[in-house]
């Protein structure tokens, strides 16, 4: 039992020592990593200031040329990206234009169909109104059209109508029967004398 306890204590101390060493090494590693990251951050901030045109005094000619090349590369990349974005926007606008064109054609077709139905409905309503209110006028139009299409029958009917009508005598005055007598005749002797004179001549 004592041996077991001794072994347990030895193992526990050994684990504590190992854990302490590991923690110290981990802390050292993290400290080094933080230092590296700080250096990178400072370098990036200094490069950013140089790209913005700040703190250029300490730079030599070689560093300035390198900075110029970086600016040219960044500018080319920016222009390429801007061009690509503009092309994408143009393509999207073209798609919207085609879609709106199709919608416009569909609306024009529906509008034409609606106007056609409205015109037909208006004609039918006008026809129904005329049939209900202007019956005699429509009848006269129908009779006139029939007369124009049958001129021979119309002329015969007109002649028959004229024959049947009584003759109008303007200024006619009836004469009493007692005033009517034999026609006036010259004397017989006078007639004979005229005949003889004509024969001798």
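Placed from the backbone N, Cα and C atoms, the Cβ positions cover glycine too.
Heads up, TrEMBL stuff is auto-annotated, nobody curated it.
Marked as domain 'K-box' by TrEMBL: 27-117. Annotated coiled coil per TrEMBL: 61-110, in sequence order. According to TrEMBL, the feature region 'Disordered' maps to 169-201. As annotated by TrEMBL, compositional bias 'Pro residues' applies to 174-186.
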Local confidence of the prediction over the domain 'K-box' (27-117), expressed as mean pLDDT: 88
Helix, strand and coil counts within the domain 'K-box' (27-117) (DSSP): 82 helix, 0 strand, 9 coil
